[in-house]
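Participant: This is the structure I want to talk about, given as C-alpha cells.
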Amino acid sequence: RSPVSGEGHSHLLPGGFNSLWCSETRVVEEFQMNQPIPPYLFAFAVGELGFREVGPRTRVYSEAVNSVLDAAAKEFAGTEEMIRQGEKLFGDYDWERFDLLVLPPSFPYGGMENPRMVFLTPTVIKGDASGAQVVAHELAHSWTGNLITNMNNEHFWLNEGFTTYAERRIVEAVQGEDRAILNTGIGWKGLNEEMERFKDNLEFTKLKNNQEGVDPDAVYSEVPYEKGFQFLWRIERQIGRPAFDEFIKKYIATFKFKSIDTHTFLKFLKANVPGTEKEIDLVLWTEGTGIPPDAYEPVSNLYTKIVSLANEFKLGRMPREDEVADWRGQEWELYLENLPKIIEASQVLALDERYRLSESKDYEVKVAFLQLAIMSQCRNFYGEVEKTLKEVGRMKYLRPLYRALVQGKEEDKILAKRVFSEARECYHPIARGVVESIFAKHL
Ligand SMILES: [Zn+2]
C-alpha cells in the first residue's frame, strides 16, 4: 500500500523522515504473523530471490540462480516426509509454512531456525541428500526451541539439547537407526573435545551456566547440544521410549509459545515422571561440570566398525577400498575425528592419495582432513586450506582451521594472519569477531 503521512517516526531523522517515508517510489509492505515469538527468532533476508516448490508447505528460496535452486530443490526433496515424521513424534506443526532459504557462503551458521522460513548455509547442499540432517535439526526446532524457548541464554540447552534429541528421532524415522547413531557418535566425540577446550573454564561444561559479563559467541559450544541430548537420552533409557514420547508430547503441549528456564523443566519432569530424581542425579546433570558417568557412548555395528578402523590406523593400517566403498560424508567425518590429532605427514599424504579427502565436496570431511593436515604439519595442503578459508564463512569451519594454524609454527601463524586480512571483509561480523578472539588468545 502507499505510505501515509505521519505514520513513520524516527528519532534519528526528526523532521526529514516524513518526506523520506512518503517519497514517491515508496511502498509499504505489511506482514502479520499470528504465532508469538521471542525477538531472536525474527530475521530479514534481502536480495534477488528465486524459489522452487518442494512440498505442499515448503518452498526453497535462494538467490535467483537456476543451478543453485535446482541443487537445493534436489537436496531437500524429502522435507515433507520429515515434517510428517516430526508431527507424529511431537504433535501438529503449528507454523503453517516451512520454507527454506539458502544463503550465500558467508552465512556464519549451519542453519538458523527462524520460524516459517529456516535460513541455511549453502554448504549443506552436498548433492547426496545428506544435507537433510541440518534441515532435520532446524525442523525439529519447530517444536523444541521455537515452540518452547529458553528464557535466556543460560538455559540455551533447553533449546538445543531438546532439538538435537528431536533431530535424531526424525533422522532415525526417515533414514534409519544406523544413521541416527552415527550422528550421535559424532556428537559424543565433539562433546568430549569440548571438555578439553573448557578444562580451565569448567563453568561452560555445565548445562545451566552463568553468563554474566560473558559474550555468548565466545563460549558457544557443543555442550548445550550434546550434553543436553545425553541428559534427555538418559531419561529416555530410564523410563523407556513409549513413556518418554508421551512425556515430550505433554511437555510441548504444556509450554508451547512460552519461554521457560531449567527449573521449570525439572519441576515438570518431577511432577510427570515421579521418582526420576531418585534414579537420575538431576542436579549433577544440570548444574555439574563435565560429563556425568551415566552418559553413554552409542553402539551400532557401523559406528563400532568405523571407530575400530580409526584405532587400527594408529597401528599403521589404512582402511581398504572395499571397507569404505559405501561410506558417505558422515562415515568419513567420524573416522577422521577418531584418528590421533597428529599423524605423520607421510600418512596424511597417503590417506589423501587413496581417498582424495582434500577435494571432498562435503565440507565436514574436507575441513576435518585439512585440520589433521595442519596439525600434522603437512604443508602440501596449505593451498587448499587458504582456498577454503576464503570461500566459506561458516564458523564451524573457520574455527578449527584458524585454531590449528595459530597453534602451529611461526609460518603457520603468519599464514593465518595474512589469510584473515584478505578474507575478513567477506566474513559475517560475528564470524570475524570469533576469528579475532582466537587470534587474541593464541597470538
Ligand atoms: Zn539448533
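Glycine is treated like the rest: Cβ placed from N, Cα and C.
What you are looking at is a predicted structure, and each value in this text was computed from that prediction instead of being measured.
So TrEMBL has the following annotated:
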BINDING   His137, His141, Glu160  Zn(2+) binding site
ACT_SITE  Glu138  active site, proton acceptor
ACT_SITE  Tyr225  active site, proton donor
DOMAIN    301-439  domain 'Peptidase M1 leukotriene A4 hydrolase/aminopeptidase C-terminal'
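Help me see these features in their spatial surroundings.
Facilitator: Its Cβ placed at the centre, Glu160 (Zn(2+) binding site) has 23 other Cβ atoms within 10 Å.
In the structure as shown, the Cβ atom of Glu138 (active site, proton acceptor) sits within 10 Å of 24 other Cβ atoms.
When other Cβ atoms within 10 Å of the Cβ of Tyr225 (active site, proton donor) are tallied across all protein chains shown, the result is 24. The DSSP secondary structure for Tyr225 (active site, proton donor) is helix.
The DSSP breakdown of the domain 'Peptidase M1 leukotriene A4 hydrolase/aminopeptidase C-terminal' (301-439), given as helix, strand and coil counts, is 107 helix, 0 strand, 32 coil.
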Participant: Beyond the listed site residues His137, His141, Glu160, identify every same-chain residue whose Cβ lies within 8 Å of the center of their Cβ atoms for the Zn(2+) site.
Facilitator: Gly111, Glu113, Glu138, Ala140, Thr144, Gly145, Asn159, Phe162, Thr163, Thr164, Ala166, Glu167, Tyr225
Participant: Among Glu138, Glu160, Tyr225, the recorded positions in the record, which have a C-beta under 6 A from ligand 1?
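Facilitator: Listed by sequence, the hits are Glu160.
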Participant: Tyr225 (active site, proton donor) to Glu160 (Zn(2+) binding site): how many Å between their Cα atoms?
Facilitator: 5
Participant: Tell me the Cα distance separating Glu138 (active site, proton acceptor) from Glu160 (Zn(2+) binding site), rounded to the nearest angstrom.
Facilitator: 10
